[in-house]
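For 41-63, the entry in Swiss-Prot reads compositional bias 'Low complexity'. Annotated compositional bias 'Basic and acidic residues' per Swiss-Prot: 130-158, 166-179, in sequence order. Summarising the annotation, Swiss-Prot assigns domain 'CUE' to 70-113 and lists sequence analysis as the type of evidence. According to Swiss-Prot, the region 'Disordered' annotation covers 41-73, 111-179. The feature topological domain 'Lumenal' is assigned by Swiss-Prot to 1-5, with similarity to another entry given as support. Per Swiss-Prot, the feature topological domain 'Cytoplasmic' maps to 27-206. Residues or ranges marked as transmembrane segment in Swiss-Prot: 6-26.
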Amino acid sequence: MDNSTIVFIAVLGVAFIFLRWLIAPIPPQLPNELNEALANSVNNSNRPNNSNNSNSATNSNANRRGRREPSDDMIEVVQTIAPQLTRGQIRMDLERSGSVEVTMERYMETGSLPFPPGESAATQSYQSDISEHSQATKKEPENLIDKYDLKSKIKGDEGEGIENIDENKWGSSKEERSSLLNKKREEMILQARKRLASQLQNEVAL
């Protein structure tokens, strides 16, 4: 047997082994490996969204902590001027605005405030009926000016009867904060009285 024949047989053997390797069946472990690779790819794609959601939640919590929680005095100031509003309406708007002035301006513009989740106009009507019933049991209806003894602060121009209060000022002690809130309440009552008088004058002029 010459060398060319031996080389030819060797080439055929190598080609046969190579073809057997190509047509060999895929091992059963390979699909599992593909599934794991796909699962890892999906998890990696979801991580940025989870991170963004976490960051937005953190920012939202930080904004809420940055705003002052509305106190009962702040709610009372708004409710004395707008008694038809529920405490839930007032509290929710104060949590958003953080300011009695902004809440009152929104009420003056729209005539109402949004209801909090779980509360509706039926709740407001029920509370209004209770309020009207309790007021009817009183011997004499109480005027806000008389209730808070503001007659001495009403002058020719009602808005000048009380000093302006710095909106950014917040007392360091409980007594100082209570005093500032009382002054703010008096200021809002006098301003509301002045606006009502102006509206009545405009209606009479028309």
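In case you wondered, yes, glycine gets a Cβ from its N, Cα and C as well.
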The topological domain 'Lumenal' (1-5): which same-chain residues, six or more beyond its ends, come within Cβ distance under 8 Å? none
For the domain 'CUE' (70-113), what's the model's average pLDDT? 86
Would you list the DSSP helix, strand and coil counts for the residues of the domain 'CUE' (70-113)? 32 helix, 0 strand, 12 coil
